[in-house]
Structure formats: C-alpha cells, structure tokens
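Chemist: Per Swiss-Prot, coiled coil is recorded for 77-217. The disulfide bond feature in Swiss-Prot is assigned to Cys219-Cys401. For Asn33, Asn95, Asn179, Asn299, Asn465, the entry in Swiss-Prot reads N-linked glycosylation site, with the evidence type sequence analysis. The signal peptide annotation in Swiss-Prot covers 1-23 and is backed by sequence analysis.
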Amino acid sequence: MSPPLLKLGAVLSTMAMISNWMSQTLPSLVGLNTTRLSTPDTLTQISPKEGWQVYSSAQDPDGRCICTVVAPEQNLCSRDAKSRQLRQLLEKVQNMSQSIEVLNLRTQRDFQYVLKMETQMKGLKAKFRQIEDDRKTLMTKHFQELKEKMDELLPLIPVLEQYKTDAKLITQFKEEIRNLSAVLTGIQEEIGAYDYEELHQRVLSLETRLRDCMKKLTCGKLMKITGPVTVKTSGTRFGAWMTDPLASEKNNRVWYMDSYTNNKIVREYKSIADFVSGAESRTYNLPFKWAGTNHVVYNGSLYFNKYQSNIIIKYSFDMGRVLAQRSLEYAGFHNVYPYTWGGFSDIDLMADEIGLWAVYATNQNAGNIVISQLNQDTLEVMKSWSTGYPKRSAGESFMICGTLYVTNSHLTGAKVYYSYSTKTSTYEYTDIPFHNQYFHISMLDYNARDRALYAWNNGHQVLFNVTLFHIIKTEDDT
C-alpha cells in the first residue's frame, strides 16, 4: 500500500453513531462497562499528555463500528482499590453519623435529668445547713426528709455512668474522624489532576469533538440496512410519512399523507410521540390532489407531484400556500413509468445531504431512470443524469450523498440491487438485502438528519437503520 493510502482510515458509521457511542462507549470511559472488543484495526492516541486512546475501527458481531475510548491508567471511576476504599470510608462516615445522632438524643435526655438533680442537690444542701444550725432541735422528721432527698438523687448515678461511657465514645469518634481526615487527604493528593470534575470536562470535550467528527462523516457508501422498527400501524396500504431533514434539533414535526391519490389532506404532528398517540397539531388542505406516495418535506416546504400531471408543487407549511410549481420536462406520469407496484409513482421526489432531487423516466431515455437535481426555490432542473435501469423494474429508490439506490422489488425478498453515483456518473450492481416485514413497500425515503430510511409498509410506518462506509483523510493528508 502506498504511503498516501496509509493516511486513509476506513470507518463504518450507523445512523445512530453518536447515540450508540454515548450509550455504549461512555460507560466504558468511566469504568462502568467491562465489555472486551475484538482487536482494532487502528489505534490512535488523542493526546499523549492525557493518555487517552481511541480505537477507530473495531467491529461488533453485527458489523457495526464501535468507537471505543480508553481512559488513562489512573482512572478514578473504575472499580479499583481507590473506589473500594472510598466506599468503605463512606460506610464508616454513615455509621458514625448514625451513632452521633443516637448519642445526641441520649445526651439531651440525660441533660434534663442533670438539671433536675441540680435543683434537688441545692435543696439537700439547704437541708444540711438547717440541720447543722439547729442540732439541738434535731428531730426524727428531719432524718426522714433527708432520706427522701437522698432517694431522689439515686437516679443520677446511672446517668453519670452513662456520661462516662459517652465521653469515651466521643473520644473514640474524634480519633476515627482524625484518621478518616488523613486518609481522605491522602486520596485527594493522589487524585491530583484526575478528579471527577476534570474527568467530566474531558468527557464533554470528547463528546464535542466526536460530534464535530460526525459532521464530517455526513456522506458515505451504503453498506447495510437493518431493522425495521415499527413506529405505528395506521392508514391504508399506501401512503407517506416524513420529517424535515433540515429542521432544527428541537423541531421534530411529522407529516402524514395517506393514500396515493384522490386526497389533499396533510396531517401534522409535533413529534414522533404525538404521531404514535395520534395527537394531531394541525391539518393542511392542499390546493391540489397529489399523485403517488413519493413526496418530501425539505426546509419547511412540501414537494409533491400534482395529480394527472408531471408538475411539481412546492407548498409552504408556515405560509399555507404554494410558493412554486413547474413541469418536469418529458417526465412520464399517471402510471406511464411507475415503480413495480404502480400507484402513480412515476415521479419520486427526495432529498439527501446534497439537496433536492427528482427521479423519473422519459421516452427519450427509453423508460429508464433519470435523476435530476432541482433548485429548491424555483424547481428548475440544475443537472440531470440518465441511467440504464428501467423505471418499471424498480421497487423503490432513495438518494444518499448524491448516489441513487434502487431496490429490485416492493415485495418480500427485496434488496438494493443497483446504485448510480452522480459524482462519478457511474453505476454498479449491489446486493444489500433488507427485511420487508409487512410484504408491500409503497414508500422508501432517506432522511439525512436521522440517517434512517422512512418506509410505508402495507399500512405500517417503519424505520430502517443504515450503515455507511466512509473514507477519512488525516489532517496531514493534502
């Protein structure tokens, strides 16, 4: 392998790369995960001074990449001797705290006895003085009174004995606290720069760097499709549901369009949770009926094919009106060049990391698929690519990073069979199977924000995960 190629690293990333890393890798970072991975392909040290290391190409049994970060050897969060020592010290402190609480209650009780005894002793002292001053008149009743006073003082004896015991216990507590303080001081000095607060800051910093890295991994080649996850079961056999790939992180609205014809109603939900529960937030009545199920929401607007025409409509949800419409020249419509399942699926509108696209077929291209990149504002065709794949032989298709992926069927046993790169204007035949759980797919679209495939499968709204293959250049590579 040539030196320049040695500077290239291959990384497999799933649509849930960040969430998987946060849920699986951060626990290992702080010593809460002891899972052993297979030997990694590459080992890169992030910071020699810090001692952090990252495995960048380990694979789990499912073939997914797991970015594993190994903390320095002086990892305070691991279950080492220091952790056990701290737990033992904590138990001691808790036991001492309980004992001191009991001692405090007992002392308060005994103090009341002492106050009472003090009053009685003062009375006894006065009685002795009276006897001493009046020895001649000493009578039997004086001795009886003296005996009664002495009897009242008898309970003071066990109280004073308890005070002596408590005094010893307090002395013992003082010694234990002194030893505990010395141990904690030693641990604090040993911890030094590797305290929990700094470790927490390092984790946050590493998370930020990983997110920055993720932004650079927006494009890649499709390697695998996993799932599906069934989100909801609703509607007819055919329809579309989608989210906006350009929406902010806080904007998780879902749009729902049931059926492939004779409908103008779009239902909006504020979140996936509301969609699942059926809590609509708004309903839109479009000015035109749509054709097919291959609509797309992009940057706050709905793009759809007008019924019985090759006209594309741009409808703004915020403004509630049509912003643009344009005929897609030579594009077949009304089941002239649909996908294998029919349903007026002649014109497929889609979006990816690069922009807005239209996939269709023309007589000029012998019914084979044509890919056109559209201007999202004017709907003008900016550039087109003619492929050799018959549109009527395709089950569905979707765009990822400027590459069109075509399935060979909408039924059971479907797989991604063909791909065409608009970057290189080349095609290849592929073999990427996926699970058609409900036997009839009428909508399959990629969402670049979620890095997932949204599908309508025989009245079920489902999601597929995608695994992409990336080539990453090092900073030194020019």
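Glycine too: its Cβ is placed from the backbone N, Cα and C atoms.
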Chemist: Roughly how many angstrom lie between the C-alpha atoms of Cys219 (disulfide bond) and Asn179 (N-linked glycosylation site)?
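Modeler: Between the Cα atoms of Cys219 (disulfide bond) and Asn179 (N-linked glycosylation site), the distance comes to 59 Å.
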Chemist: If I take the Cα of Asn179 (N-linked glycosylation site) as reference, which of the recorded positions Asn95, Asn299, Cys401, Asn465 has the closest Cα?
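Modeler: So, of the listed recorded positions, the one sitting closest to Asn179 (N-linked glycosylation site) is Asn95.
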Chemist: Near Cys219 (disulfide bond), how many other Cβ atoms are within 10 Å of its Cβ?
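Modeler: A 10 Å sphere around the Cβ of Cys219 (disulfide bond) contains 17 other Cβ atoms.
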Chemist: By a simple count, how many Cβ atoms lie within 10 Å of the Cβ of Asn465 (N-linked glycosylation site), its own Cβ left out?
Modeler: 19
Chemist: Between the recorded positions Asn299, Cys401, Asn465, which lies closest to Asn95 (N-linked glycosylation site), Cα to Cα?
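Modeler: The smallest Cα gap between Asn95 (N-linked glycosylation site) and any of the recorded positions is with Asn465.
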Chemist: For the glycosylation sites Asn95, Asn179, Asn299, which one has its C-beta crowded by the most other C-beta atoms within 10 angstroms?
Modeler: Asn299
Chemist: CB neighbours of Cys401 (disulfide bond) within 10 A?
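Modeler: Cys401 (disulfide bond) is surrounded by 19 other Cβ atoms within 10 Å.
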Chemist: Summarise the model confidence on the coiled coil (77-217) as a single mean pLDDT, whole number.
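Modeler: Taking every residue in the coiled coil (77-217) and averaging pLDDT yields 67.
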Chemist: Check Asn465 (N-linked glycosylation site) against DSSP and tell me helix, strand or coil, would you?
Modeler: strand
